[in-house]
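Participant: Dumping what TrEMBL says about this protein:
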- 26-47: transmembrane segment (TRANSMEM)
- 53-72: transmembrane segment (TRANSMEM)
- 93-117: transmembrane segment (TRANSMEM)
- 129-146: transmembrane segment (TRANSMEM)
- 158-176: transmembrane segment (TRANSMEM)
- 229-250: transmembrane segment (TRANSMEM)
- 271-295: transmembrane segment (TRANSMEM)
- 311-333: transmembrane segment (TRANSMEM)
- 354-379: transmembrane segment (TRANSMEM)
- 385-405: transmembrane segment (TRANSMEM)
- 507-529: transmembrane segment (TRANSMEM)
- 541-562: transmembrane segment (TRANSMEM)
Amino acid sequence: MEKGGGSPSTGGSYPQKNAEILSSQYGINLFLAGLLLTFAWAVHAVGISKSHLLSYLITLMLIQLLWMLWYLGRSCTQRRLIRDKDTHAGARWLKCGITLFAVITLILDSFKIGYYIDFSNCLSPTEGIFPVAHAVHTILQVYFLWCHAKDIIQSFKTLERFGVIHSVFTNLLLWTNGVLAESKHQLNEHKERLITLGFGNITIVLDDHAPQCNCTTTTLCAIFSQGIYYLYPFNIEYHILASTMLYVLWKNIGRKVEQHQQHKTPFRLHGITVGMIFGLIVLTSTIAIVVVYLIQIGRSKIKSELALTMFYLHAIFVLALMCTAGTVALLIYRLEDRSLDNSKNPARKLDAELLVGTAAGSWLLSWGSILAIICAQAHPKYTWYNLPYSILVIIEKYIQNLFIIESIHREQEKMNDDIKTLRIVTVSRGSTLSLTPSYKEIYNGRAARDRGAVPCLLKGSICARENDSGGGGAKEEMSQGRSSVMHSASDFPFYSRTSVTNNKRRILKNIAAFLFLCNLSLWIPPAFGCRPEYDNGLEEIVFGFEPWIIVVNLAMPFSIFYRMHSAASLFEVNCKT
């Protein structure tokens, strides 16, 4: 176990590289063991019950709690020491987002506790212990991420690598457990919807592991059981966000900090009104579509077909707008000549990898739908809308990924050195009346307007005007001076370039704001049960019920996460632009 930063020599790098490899292998094995345990419970493997799975998860959470308490205690004793920070990691808006999801997760845990109390006669004690342990784990983990997500650990690096990677895969297993529970609930509703669409020939028995006893309070049980599944999407997002933040912390262990750090870029609503208005229209209409879809689907064959048609038409329109907006943004980038920032940045690298990796889930579903439409012998009318919808999903993610990845890699625009060193002095009667305005005032074109005078822009010189006569002569000379100044300023394309640059930036900010709200809108339908991949029935006929359901259950969580991660990335792009 090493203490201290160590030297960057070749000999000192081998132990750290070995520690990174060993800790990653430890985490992967931890995750695979939990994954197989989860799968065994899902398929009713002999000798495996839910209590075994929950006991494993509780043990992992307790180990992580002990490590976090040790890290927090050690940090408290060393709070006077100056630590290196990664300014790109743990942005404030990301911390606020994970806090919101954590609060809803705590509500979910309280529902699970109430559900256990009502069914306590036939449920294992681990089902009551798990939500309590999970609530404590959530509270401490959010506090830990708020305080230490930016840390670059330089002491006890081997121990910390194992502690952080343990936390990463613990959250991934909790995410997997949430995805499985939510998927099983969706499958039961999906079976009923297929019957109403006329696919009664599909026979499969679905089991949601319901308790084998009666509830003590029927009304409360219904509230808890239904409420749990509406809260699962937020719990799923919470754990995947926590795992990504912890992964960045793990990658930063022992990292040498570069001297140039990016300055903070706060979010501002100014200048993005158009993008926000169109985005809010899309968000509002999407919520309305989801409500109508969930009400109509499964009621009758006609109502289900109308609900699917309505969903596809709305999604096609939104995706077409997003493709257009993304294309315009990429064209603006092609017209600009700005270098890319290729410095080492674990957070930015992870963002790009997650965008492409999780987009593969949607692409898999889209290509499956396209193949099913081509190969199917019978085509109900509503299934034809699935073809342009699936094609647009592929194209939209392709364009959006290009836009986001290029945006987060672009260097922020810097002001010209000539402007930074420019000094303007107005002299009257041989004395300086006003000092030089800052270059920011010059850059924004406000210095002259605020002072009531137009500056003289002369290369390598200071413009000074003597005022030998007073009164009207002074006004006349001032008028002539202004005319001369404006003529001189016309020789510089600075103001025109600034205007063009500001217009481009304003367009890009509006596009980022619009795409941000669109991605939030497209996150809502699959997260809350509006999933046409389940409900149109065509894919089940072509591929078979069980194979297609397996594909959807594997790909859908990544598709849902992609939308939330894209929204987070676009928020960062909007702040940076």
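Just so it is clear, glycine is given a Cβ too, placed from its N, Cα and C backbone atoms.
Unlike curated entries, TrEMBL annotations are predicted automatically.
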Participant: Sort out for me which stretch, of 53-72, 158-176, 354-379, 507-529, 541-562, has the most Cβ pairs below 8 angstroms to the transmembrane segment (311-333).
Facilitator: 507-529
Participant: Looking only at the recorded stretches 53-72, 93-117, 229-250, 354-379, which one has the largest tally of CB-CB distances under 8 Å to the transmembrane segment (26-47)?
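Facilitator: Answer, by Cβ pair count: 53-72.
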Participant: Should anything in the same chain at least six residues away from the transmembrane segment (541-562) have a Cβ under 8 Å from its Cβ atoms, list it; otherwise answer none.
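Facilitator: Contacts of the transmembrane segment (541-562) (Cβ under 8 Å, skipping residues fewer than 6 from its ends): 175, 179, 183, 187, 190, 199, 202, 204, 233, 236-237, 240, 354-355, 357-362, 364-365, 368, 371-372, 375-376, 397, 523, 526-527, 531, 533-534.
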Participant: Does the chain bring the transmembrane segment (93-117) near the transmembrane segment (53-72), so that three or more CB pairs sit under 8 Å (pairs 6 or more apart in sequence)?
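Facilitator: Contact between the transmembrane segment (53-72) and the transmembrane segment (93-117): absent, because fewer than 3 Cβ pairs are under 8 Å.
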Participant: In the same chain, which residue numbers or ranges, 6 or more beyond the ends of the transmembrane segment (354-379), come under 8 angstroms Cβ to Cβ?
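Facilitator: Sequence-remote neighbours of the transmembrane segment (354-379) are 244, 386-387, 389-391, 393-394, 397-398, 401, 404-405, 533, 538-539, 541-543, 548, 551-552, 554-559, 561-562, 565-566, 569.
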Participant: Would you kindly list the residues that approach the transmembrane segment (53-72) from elsewhere in its chain, counting only those six or more residues past its ends and only Cβ-Cβ distances under 8 Å?
Facilitator: 30, 33-34, 37-38, 41, 124, 126-127, 129-130, 133-134, 136-137, 140-141, 144, 147-148, 160, 163, 166-167, 170, 173-174, 177
Participant: Give residue numbers and ranges for long-range contacts of the transmembrane segment (129-146): same chain, 6 or more residues beyond its ends, CB-CB under 8 A.
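Facilitator: 54, 57-58, 61-62, 64-65, 68-69, 71-72, 90, 95, 98-99, 102, 105-106, 109-110, 112-113, 116, 167, 171, 174, 238, 242, 245-246.
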